[in-house]
Amino acid sequence: MSDNSRTKVIVGMSGGVDSSVSAYLLLQQGYQVEGLFMKNWEEDDTDEYCAAAQDLEDAQAVADKLGIVLHTINFAAEYWDNVFEYFLAEYKAGRTPNPDIMCNKEIKFKAFLEFAAEELGADYIATGHYVRRRCVNGKWQLLRGLDGNKDQSYFLYTLSHEHVAQTLFPVGELEKPEVRRIAEEQGLVTADKKDSTGICFIGERKFKDFLSQYLPAQPGDIETPEGQVIGRHEGLMYHTLGQRKGLHIGGLAEFGDEPWYVVEKDMQRNVLIVAQGSDHSLLYSDGLIANQMHWVSREKPATPLRCAVKTRYRQEDIPCTLTYLNDDEIEVIFDQPQKAVTPGQSAVFYLGEECLGGAIIGRYLRR
Ligand SMILES: Nc1ncnc2c1ncn2[C@@H]1O[C@H](COP(=O)(O)OP(=O)(O)OP(=O)(O)O)[C@@H](O)[C@H]1O
């Protein structure tokens, strides 16, 4: 086994089970390990939602149990400027952003990485993400996590091969139940802690209440694709393409009982367009246009490229063909039409186990 005792690793410790076990595994592998807890969101006085204080307490308890130092850092200003402002601007433009992807790009693999390397003398950083890496011809590739249910590569496609070279992902080689088992066996307080869900700064609050604090809502009509007004919405930003829940349409005798789905947001007219039936043709797209294309390898592959794409986390792979339209914009054509392709979300590309990179969906294509 290689001698890791001179290699310093700073583990991002969130107070969750995955990063707790990551720290433990790195110690087992003989590294010099220290933890770093980040605070990215300032709560207001009455905030009972964000569990950051509890998370810090848990991270500290795990660090104490493992006998490692836990540092703390506040990146709330960076988070606000680079993640939250983006999140608001996207919603304002009628799109559905993914702040976790931006957080990985701007905070974990920028602010955190720089701080760990420059201030804490890290040779590597580590996180509890379920992804793996491999070195091919001197270049690091990002791979899906071994546990297909937990794979988090979708959220990490903005990494470069240099980022991947500098980061260890100890739990990416394990299945989640095994991670919990290790935590239990080692008596870590996080062993049974629930996985975090949703967007961290929103927590368990109602999304609508949260967003309305920051963006003024503009009510408008709900129309059928034929232009018949069948209801009112409270603001387009509260709705996502493909959404069924929360439309409050019903009891329209002439339309029958089939549920309604959002098929378009007409930003210019402030109209929400809905259609009936979970298989309505307007829910499907043949492809998409995306921009801000990023390749983990930083080298543009030759296109057209046959690969697989995910347009959402936890989606099955969709076989597709990717073609460049210009330096930054791509067109993706699916082999089979797909439901609810959503502007603002990311399209992430794979070749087998390798996550190649991704781009932000600008619009869907319908023939
Ligand atoms: N507040 C934080 N401070 C330090 N590192 C963090 C923080 N939040 C997340 N991370 C790092 O990013 C990884 C992935 O974060 P994510 O929010 O997806 O948590 P997770 O997959 O539920 O993992 P965990 O069980 O460790 O919380 C974590 O495992 C951890 O290494």
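For all residues, glycine too, the Cβ spot is worked out from N, Cα and C.
If you check TrEMBL, you get these features:
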ACT_SITE  Cys103  active site, nucleophile
ACT_SITE  Cys200  active site, cysteine persulfide intermediate
BINDING   Gly12, Met13, Ser14, Gly15, Gly16, Val17, Asp18, Ser19, Met38, Gly128  ATP binding site
DISULFID  Cys103-Cys200  disulfide bond
DOMAIN    208-276  domain 'tRNA-specific 2-thiouridylase MnmA-like central'
DOMAIN    285-361  domain 'tRNA-specific 2-thiouridylase MnmA-like C-terminal'
SITE      His129  site 'Interaction with tRNA'
SITE      Gln345  site 'Interaction with tRNA'
Span of the ATP site, taken as the largest CA to CA distance across Gly12, Met13, Ser14, Gly15, Gly16, Val17, Asp18, Ser19, Met38, Gly128 (Å, rounded to a whole number): 16
Field: Those recorded positions in Ser14, Asp18, Met38, Cys103, His129, Gln345 whose CB falls under 6 A of ligand 1, listed in sequence order
entry: Ser14, Asp18, Met38, His129
Statement: Its residues classified by DSSP, the domain 'tRNA-specific 2-thiouridylase MnmA-like central' (208-276) shows 13 helix, 22 strand, 34 coil
- prompt: Can you count the other CB atoms that lie within 10 A of the CB of Cys103 (active site, nucleophile)?
  reply: 25
Task: Would you count the other CB atoms within 10 A of the CB of His129 (site 'Interaction with tRNA'), including those on all shown protein chains?
output: 25
- line: Cys200 (active site, cysteine persulfide intermediate) sits from Gly16 (ATP binding site) (Cα to Cα, rounded, in Å) at a distance of 13
Task: May I ask you to report the DSSP-based helix, strand or coil state of Asp18 (ATP binding site)?
output: helix
- prompt: Taking only the recorded positions Asp18, Cys103, Cys200, which one has a CA atom nearest to the CA atom of Gln345 (site 'Interaction with tRNA')?
  reply: Cys103
Field: Gly12 (ATP binding site) versus recorded positions Cys103, His129, Cys200 - nearest by Cα
entry: His129
Field: Inter-residue Cα distance where the pair is the residue listed as 'active site, cysteine persulfide intermediate' and Met38 (ATP binding site), in Å
entry: 12
Query: Out of Cys103, His129, Cys200, the recorded positions in the record, which is closest to Asp18 (ATP binding site) when you go by Cα distance?
result: His129
Query: Since the record lists Ser14, Gln345 as recorded positions, which of them has the fewest other Cβ atoms within 10 Å of its Cβ?
result: Ser14
- request: Whole-number Å only: compute the distance from the Cα of Ser14 (ATP binding site) to the Cα of His129 (site 'Interaction with tRNA').
  value: 11
Message: What does the structure give for the C-alpha distance between His129 (site 'Interaction with tRNA') and Cys103 (active site, nucleophile)? Integer Å is fine.
response: 13
Query: Rounded to a whole number, how many Å is the Cα of Cys103 (active site, nucleophile) away from the Cα of Cys200 (active site, cysteine persulfide intermediate)?
result: 10
